[in-house]
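Lifted from Swiss-Prot, the feature list:
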- 5-25: transmembrane segment (TRANSMEM)
- 35-55: transmembrane segment (TRANSMEM)
- 67-87: transmembrane segment (TRANSMEM)
- GLY75, THR78: Na(+) binding site (BINDING)
- 96-116: transmembrane segment (TRANSMEM)
Amino acid sequence: MFYSIVAIFVGAGLGALLRWFLSIGLNALLPEVPLGTLASNLIGGYLIGIAVVAFATRAGLPPEWRLFVITGFMGGLTTFSTYSVEVMTHAVQGEFGWALAVAALHLIGSFTLTGLGMWTARAWLAPA
């Protein structure tokens, strides 16, 4: 149990730091669509697609690695709450087009990149 807690704790901290760095570096570029949050969710979608397939095909890996990567790192990196606030901020300001655009970018982009990540992992991990 101790190693599981440490794995989640460290992974979440690293994921949150990456999300913060992405926000610092990207959000000011296009304030209407905070690119740091979008990048966090799209990168996280891609990486979790890879991780899910990798862990499913590598049953011998210690469970702490899955907790570190999926529960911790991806949980710290991706952010539904920030995404929700950014969409609703546009909506309450009457900017419904921007609200819809931000929502669509996150949802379509994340689903697409999660699928691409799964495809990538299957291609990498396929028996030769």
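We number each residue from 1, going along the chain as drawn.
Just so you know, glycine gets a Cβ as well, placed from its N, Cα and C.
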Recorded stretch, among 5-25, 35-55, 67-87, maximising Cβ pairs under 8 Å relative to the transmembrane segment (96-116): 35-55
Tertiary contacts of the transmembrane segment (67-87), as residues 6+ beyond its ends and Cβ separation under 8 Å: 4, 7-19, 34, 37, 40-41, 43-45, 47-48, 51-52, 55, 99, 102-103, 106
Cβ neighbours of THR78 (Na(+) binding site) where a neighbour is any other Cβ within 10 Å: 22
Tertiary neighbours of GLY75 (Na(+) binding site) (same chain, Cβ under 8 Å, six or more apart): ILE8, GLY11, ALA12, GLY15
